[in-house]
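As annotated by Swiss-Prot, NADPH binding site applies to 12, 13, 14, 15, 38, 39, 40, 126, 128, 217, with the evidence given as sequence analysis. According to Swiss-Prot, the 1-deoxy-D-xylulose 5-phosphate binding site annotation covers 127, 153, 154, 188, 211, 224, 229, 230, 233. Among the features that Swiss-Prot reports, Mn(2+) binding site is placed at 152, 154, 233, with the record citing sequence analysis.
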C-alpha cells in the first residue's frame, strides 16, 4: 500500500496534534505532506523537525520568516510558505491525498473550500464550513466530487451508526428512506451542568476551560461549557445528514462514553462508544472504509460505573437554544452567531466580559443584522465582518 499524503490545516492545534499522533502510530500508511498553522513558530518548528513535511505554511508572514530561518539553520529541507493564498494552494495540492481541515474559526473557511473545489478527500473538523456556509459548502462537495468525512466525535459517531448508503451520501442522506427516525446528538454538558444558576455570574475563564472529559483548546472548552459547541454541532449535523428539526435530538450524557446515536423506525438505537479521545474519529476518517491503529486505550466496560442521560435546560444553556433558533432563521443568523461567539469567548477569556455575557452578545449581534439570503462566499464574509464589528462594539459598551 502506497503511503497517503496528508495535509493538516491547523497542525499546531489540538486536532492537528492528534492527527500527527495517528500518523506517528502508522508510519507505513501515512506521511505528513504539509503542515499549516497560524503564527505558532515553536510548535510548527518542532513538528517540522519530527515529521519532515514537504511544506510548512503559517498564516502570519513574519512568523513564517522566522520559521524559515530556524529550519535553514537546522538543515531541514521543508519549504516554508506564508499567507492565506499559499495555505489555500496547499489545501488543493495535486500530491495531497487527504486534507485534515482543523483550522479553528472563520480562518479555516477558504482553505477548506479550496480542498473541496479540488475534489479532495476532506476530513472535516472545521465547524465554520458548515455553520456559516451550509448549503454552499454541501453543494460544492457535490459539484466538485469531493469526499467529505466528519471528524467531530459526535458527527463521526453518527456517521459510523448510519448505514453505508447514508455514509456515501453525506449532505444528501435520505434518512427516512433508510429507516432513520432520529439522530441523537450527545454532549457532556460541560463543567457547570450541576452548578447553581445563581453562581454563573462568578464563573472564571480557568473554571470554564477545565473540561471534565475531553482534552481540548480553550475556545472549544468554553463553547462546551456554554453548550454552544453542541449548538454548532446541531447545525453541522442538520447539513451533514440532511436532517430536519424533527429528526434531531440533543441530550446530555455526562460520561462522554456514548458519542452519539441513531434511532431507527424499528425501535433499534445504534450508538458509537469509546474512550473520549479524538484520535479515534481521526483514525476512522483517515482509514475509512477500513480501520487503523489510533493509539487509544480500549474502553474498559468494568470501569464504567454508569451511563446517565439528562434533558438540556435552556435556562442553563441559552446558547444551545440560540443555535437551534438560528438554524431556523437562516444562514445569515448562524453566520452572525458563530462570529459573535468567537469574539465573545475571546473577550471572556481576556476577562473583558462575564460568562453570562457570552450568550447575550451572541443574541444581540443576530438581532442587529438584517435577515439576508446568502448566495455566495462573499456574502458570508460580509456578514462575518458586520457581526465582528457589532460584537466588538457590544463588548466595549
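Cβ atoms here come from the backbone N, Cα and C positions, even for glycine.
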- Spatially speaking, which of the binding-site residues 12, 14, 40 is closest to residue 127 (1-deoxy-D-xylulose 5-phosphate binding site)? Use C-alpha to C-alpha, please. 14
- Given the Mn(2+) site residues 152, 154, 233, which other residues of that chain have a Cβ within 8 Å of the mean position of their Cβ atoms, reported in sequence order? 150, 153, 155, 156, 185, 229, 230, 232, 236, 237, 260
- Task: Under 8 Å Cβ to Cβ from residue 12 (NADPH binding site), same chain, six or more residues apart: give me those in sequence order, or none if nothing qualifies.
- Result: 35, 37, 38, 40, 43, 44, 47
- Message: Going by a 10 angstroms cut-off between Cβ atoms, which of the binding-site residues 14, 40, 229 has the sparsest surroundings?
- Response: 40
- Query: Taking residue 14 (NADPH binding site) as the reference, which of 152, 154, 229 (the binding-site residues) have a CA within 10 A of its CA?
  - Reply: none
- Task: Using C-alpha atoms only, work out the spacing between residue 128 (NADPH binding site) and residue 229 (1-deoxy-D-xylulose 5-phosphate binding site) and round it to an integer in Å.
- Result: 12
- Query: Whose Cβ, among the binding-site residues 128, 152, 154, 233, has more other Cβ atoms within 10 Å than any of the rest?
  - Reply: 233
- Euclidean distance between Cα atoms of residue 152 (Mn(2+) binding site) and residue 229 (1-deoxy-D-xylulose 5-phosphate binding site), Å: 11
- Least Cβ-crowded entry, counting other Cβ within 10 Å, from the binding-site residues listed as 38, 127: 38
